[in-house]
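Q: Taken from TrEMBL, the feature transmembrane segment covers 25-43, 187-212, 233-259, 271-294, 359-376. Summarising the annotation, TrEMBL assigns domain 'ABC-2 type transporter transmembrane' to 26-371.
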Amino acid sequence: MDTMKNGFWKVFFYEWKTIVRRPGIVLWTLGVPLAIFILYAAIFGDGVLRKLPIAILDQDKTAISRELIRQIDANSTLDFTKEVNNQNEGLKLIQTSKVFGLIIIPGNFEKDISRGKSTNVVLYVNNDYMTPAGLINKGFNTVVGSFSTSAKVNVIMKKGSSTLQAKDIVQPVIMRSHTLFNPFVNYAYYLCLSLFPMALQLTVMITTLYLLGSILKYNKGRSLYKLSGENVLSAFFGKILPYTLIFSLLTILMVAYLFGYLGIPINTHAINVYLLTLVLIIVYQLMAVFFVTITKDFRSLCAMGGGYSSLAYSFSGYTFPQEGMPTAIKILDSIFPFSSYSRALTNIAIKGMPMIESLPYLIGFGVFALIGLLSLKKFSYQLQKGHYEK
């Protein structure tokens, strides 16, 4: 036991000396993730898309049509930037991405409304940009719906009904919706909560793959094994623990930014998010040793392990719900630790659900960790040999 402890501390302090001597390691483990964090923070700093440029073709040019335009421009999502003379001009602006949408107000707009006749206000959007198109469509429907209701109320009141009676006739059923989570429709809350941990796990995985793979690539396995007192646990954990500590500092910064500065609503203690992310870090470090043991050279290791970690976001169900995935994709989804993390994080931090509700995902973490621990036996043989197969 003393030999094991001594071996662990020898490897541990030797790795810290290596980190101090090689600034490139610090740049990669701290600088790159921080740069990605800053980039995401800059991109999603506003949180909600506002003032999306649209063009309007007013074929009526009356007081009522101008009032509709004023209400459209007053909507926080829409920004009336260009008035066009014909439909082709407006569609060309959409095609060249100068605007995201075109609204056409037909002729006889005022006359039809005053007579109580229905009239069509047309919206064209570029659905290649799905998020702006969806927001413009939502803002447009809100404005036109409100404007239409007001117009109908005025027509009914002219027939002698009171304001209250007219409103009841126009809208006999009132809909009330309550958004439980992220009611602000804040894209920073939605995306940063997954993109920040994703950047972290990518850095963790690639760093650990390089650390362990380079030992075998440069024929340093035997020297590490001897330094550890010929104990693979001392060799592995002594080697990766300094980086675990570095990544834990990044986790503190990440949690502080997401739930402190950015203000994402959190329904648990921040320490729970920190601990969950720390478990994710350790699991990916253990999965890295698994990939070291199943690949025959350093190039294959980087390709396979890097691909595995980079695909995690696509299969996590964050951009497309797991419930809608084909069965085969659902099975693939379960082989990524990040999938378990993202769902556990949502349940615990956002929904405020008890830890027991995320037990299947925590068990998943345990399975991944066990795979890595079982791989240490073969890693021990690789260290004793010193290098990859030639």
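Note: Cβ is positioned from N, Cα and C throughout, glycine not excepted.
Are these features on the surface or tucked inside, and what touches them?
A: Panel annotation: around the transmembrane segment (25-43), residues 18-19, 191-192, 195-196, 199-200, 203, 207, 243, 246-247, 249-250, 253-254, 257, 262 of the same chain, lying at least six beyond its termini, place a Cβ under 8 Å from a Cβ of the stretch.
For the transmembrane segment (359-376), the list of distant contacts is 232-233, 236, 279-280, 282-283, 285-290, 292-294, 334, 337, 339-341, 343-344, 347: same-chain residues at least six beyond its ends, Cβ to Cβ under 8 Å.
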